[in-house]
Amino acid sequence: MKITIVGAGAVGATCADEIARAALCEELVLLDIKEGLAEGKALDMMQTAALVNFDTRITGYTNNYAASANSNVVVVTSGIPRKPGMTREELIGTNAGIVKSVIQNLLQHSPDAVVIVVSNPMDTMTYLTLQNAGIPKNRVIGMGGILDSARFKCYLSQALGCSPHDLNAIVIGGHGDTTMIPLIRYATWNSAPVSSFLSEAQCKQIVSDTMVGGATLTKLIGTSAWYAPGAAVRVLVESVVHDQKRLVSCCVALDGEYGQKDICLGVPVVIGKDGWEKIIDFQLNEQEQAQFNKSADAVRKMNDILKTV
Ligand SMILES: NC(=O)c1ccc[n+]([C@@H]2O[C@H](COP(=O)([O-])OP(=O)(O)OC[C@H]3O[C@@H](n4cnc5c(N)ncnc54)[C@H](O)[C@@H]3O)[C@@H](O)[C@H]2O)c1
Ligand SMILES: O=C(O)C[C@H](O)C(=O)O
């Protein structure tokens, strides 16, 4: 098994660390445009192998896509992160060009890979990837909803005073401060609806905290997050590598599902060895469907900007 991660910055390096420690592949390639960065981070991580006991060979390269040849999974984290006060959408002008060229280079050497898109604005970068990759839609997965769902569970566990492991909660829609839809109606504490234990005001607060989860971290840190994003990518990669069929929220191409077409947006999907296998219909109620449609409208507007950048 071979995995390549492009972008050896905060998120890319954390993904590599998580994937190596979980022993998901024999070969892990880290690529960056910045001279020496991927080489250095790969070497640093290899020096943890004897301490944390993994056998993955991690190598780093500057712009050498030949080294990524025949990867089974590729993860795209290259691009700029936002700064406090910015939205993810503001990154489109810089990141669209980066993602487009990175995808072309990657697929030239690994035409059969499953592609995981992380760079922001992620929904639009996933759409851009799908438009340019020329590979089956099931092999293009945007990472966002799985991270947002983990944040949702974090806030729920704090309010309930419970273990996040005992929670089931999912966020669908766009991966944006205003486009995310935490499905509170479906959130359960080991099968019991969380609304049985939390007031309406508490539920509302958790939903709004979840939606701005990334912005809150960006304000605190000065740049965007990497630990939970890296762990979220690892869960997706694990489900592909071990054909686990995990049901998680990911950004995928919709063709009529959830009432939307010609767009990539977060929905519950089953992830297996060939990418996302099927979309699961959670039967949204009228209000949730209206929120989903509004989210799609906003993401579609962002996708339109691709024509001009
Ligand atoms: N989808 C998500 O849930 C999610 C979560 C966290 C971060 N992100 C996004 O991921 C991206 C990376 O965030 P980060 O914190 O790692 O940023 P970072 O600045 O730490 O790292 C980005 C890396 O990309 C590299 N890069 C830039 N252009 C490149 C190119 N053409 N080829 C190869 N490498 C290139 C840079 O040199 C840098 O090392 C940002 O766009 C951020 O918004 C998304
Ligand atoms: O918030 C960001 O800009 C980065 C990422 O999308 C996140 O949710 O952590």
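Just so you know, the numbers here start at 1 and follow the chain as drawn.
Keep in mind that glycine also has a Cβ here, set from the backbone N, Cα and C atoms.
As the structure is a computational prediction, the values presented were derived from the model and not from experiment.
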Problem - Candidate sharing the substrate site with ARG82, ARG88, ARG151 (per TrEMBL), from ASN53, ASN120, ASN132 - result: ASN120
Exercise for the section: From ASN64, ASN95, ASN138, grab the residue that TrEMBL records in the same NAD(+) site as GLY7, ALA8, GLY9, ALA10, VAL11, GLY12, ASP32, VAL118, SER119, ASN120. Expected result: ASN95
Handout entry: the domain 'Lactate/malate dehydrogenase N-terminal' (1-142) [mean pLDDT, rounded to integer]
Key = 98
Completion exercise
Per DSSP (three-state), VAL118 (NAD(+) binding site) is coil
Problem - Listed binding-site residues among GLY7, VAL11, ASP32, ARG88, ASN120, ARG151 whose Cα sits within 10 Å of HIS175 (active site, proton acceptor) - result: ARG88, ASN120
Handout entry: Neighbourhood of ASP32 (NAD(+) binding site), C-beta criterion under 8 angstroms, separation at least six
Key = VAL6, GLY7, ALA8, GLY9, GLY12, ALA38, GLY60, THR62, ASN63, SER78
Completion exercise
Those binding-site residues among VAL11, ASP32, ARG82, ARG88, ASN120 lining ligand 2, judged by a Cβ under 6 Å from any of its atoms, are ARG82, ARG88, ASN120
Exercise for the section: Calculate the distance in Å between the alpha carbons (Cα) of ASN120 (NAD(+) binding site) and ARG88 (substrate binding site), and round it to a whole number. Expected result: 6
